[in-house]
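This report concerns only the one structure given below.
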Amino acid sequence: MDSPSTSESPLKKNTIQDFGESNMTESPQSKEEIDEPEEECSVCKNEIIDTTSLSDCCHEFCYDCIVGWLTKGSGPFCPMCKTPVSFIQRKGTDEKITVQQIKSEGEPAATASEDLVTEKRIVSRKIRSCRRLMNQIDEIIGATSSRSDSQKRKPRLEELNSMKQLCVSQLNSLQMLRDDIDHGAAKALIVSKAAFRRLIYERQVISEGLPDATNSLSKTEFRDNIDHYRAVLHSFLSVELKSLPAKTQPRVDNENSWYFYTLHDVAEGKDEEIINRIFSMIEDRGTRDLNAREVDAALNGLVSCRVVIAFIAELKSLINSRKSFLEWCGAITYRIRTDRGGESAGNDVVTVDDSIELEPEENRSNHRSRRFPVFTPFDRVFGSTMGHMYRGQPQAPLRLGPNATNPFRPAPLPVPSQLPIAGIPWAELTTSSAGAGSARSRGSDSVVEIDDDDDNDGVDVDDDDREDSDEPRTYSNSEEDSDEEIQVVERDDTIILDDSNRSLPKPVANGSADRKRKYEFPLEDHWKKAKTSQLPEGLVDDVQELIAKYNMPLTQSMNMLVGAAQEAIIRINKPMPSTSSAPDISKFKPDDMLQLASYLSRTGALSRRQ
């Protein structure tokens, strides 16, 4: 079995309890120092993590920061006072690590900014989110201060101002991190920062793991190299406690929340105690038997279950890699949660809109396969179903086809129907047909006269006023109306004249029938069904000439021609010669003539040759 990496110098064997005892036995002067604000590292400008002091000047820095400074800096000098450095010493240990040992162990290689595209996108995306949150907090503060009861809301204003300060602090850390990326800082130094690692637990980033970290570390191997793993875990856990988001967070409003506080902020100075618990748990059980419930108890239940699971995954990846903390940070790869693909999947990274803060719920369970389907915001906009996510078959963003429903695309226009037959000859209209009974049976039970120029929509008209108006009438075709003389079946536009002495039926007393009906379909749809012969030659041309001659509007020509036809029929001096098979037109009643004239005007057969 391969031995663990020796990039970190062997430390003197010391138990984790020694760290706790050294902190418990403090002088009064050290207690006063606890009350003072914690110093910041002059290299990273953040709170010192894994405090390490220099040999001669005793200035303190982060362990990772001073190691990177001594290896890639101008020389073994203090970053603050330029005093030569012969060795460094971690707080809580007696081991002195010389500069020669640090250089022999290897330094994190500087990385070009173009090689950290993903890391830069991760940080830049979080910076934009911080700026949006600050603007939102400013709007809420302004709205709360302008209210009349602002004194009662003073605690809320103080809470909002505190959240704004925390957001500004996080924004400054992220901007410095992005500046380091632009200036070619090593990937290990970027990924090991608490400002970057907290993005992993805020559901912004997903770890793609290491290809050589699949074999779990056994308890025997862990105990044989306990000094190495003690130093590795201490460096890792010191950073992670400042990265894990606390379970309870203040809310900006009723809809939005933000990770303001970490486990370090709410642990009340119990970081070393938590580190001791986790180290003892790994020493007793190994990495295979780590239980989320027990790890949560070791973290004092201050983080959510989701964060605990992500923390265990990172912890196992580090230990199973058998690398130091910096080496592991330089080797592991991360991607934005909304991206699909990656080098580990054999694909190019497919990026989507960075404004999406969280991954959609339907994609969160699909992490078993390394070949992720492409997901874009257009799938939801255009109504695509997400069932394909469970079948493993990506679906196009747009659903095209005859049965597709697209809210952004109008329905196709209906195909226009063919032109109907021109009309019915006069001889057929005035001749009794043997098929009148069958035509009558095909007709509707009620026949409605429709006038397009009537303005009395939905208004009830008295019977006396209806005779002088154009209100549609409804006639019944029931067997009780035995005096029927003329029947118009307008559903298929077929007119049938009967030579029996029957009068028109009375209008049906029906409130719904008294209301005017509108054409639901174009008139050509009715003309297609009419069983007619060709009109006399030139009749339609004469009607067109009349329309052009008097410059009739096309929308009102039908009504004007109906009135003209009615007046022309009344003024007829000589009646038309009647036959034995057709009734005398001169004997028609005015209502019968109006019915006939209405039909003629609709079919275009209006003009009568003298």
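A Cβ is built for glycine as well, from the same backbone N, Cα and C atoms used for every other residue.
Model, not experiment: these values are computed from the prediction.
Feature zinc finger, per Swiss-Prot, maps to range 41-82 of the set 41-82, 251-292, 545-586. Nonlocal intrachain contacts for the zinc finger (41-82), taken as residues 6+ away from its ends with a CB within less than 8 angstroms of a stretch CB, comprise 88-91, 96, 99, 102-103, 107-108, 110, 173, 176, 186, 188-189, 192-195, 234-235, 238-239, 242, 325-326. With helix defined as DSSP H, G or I and strand as E or B, the zinc finger (41-82) counts 10 helix, 9 strand, 23 coil.
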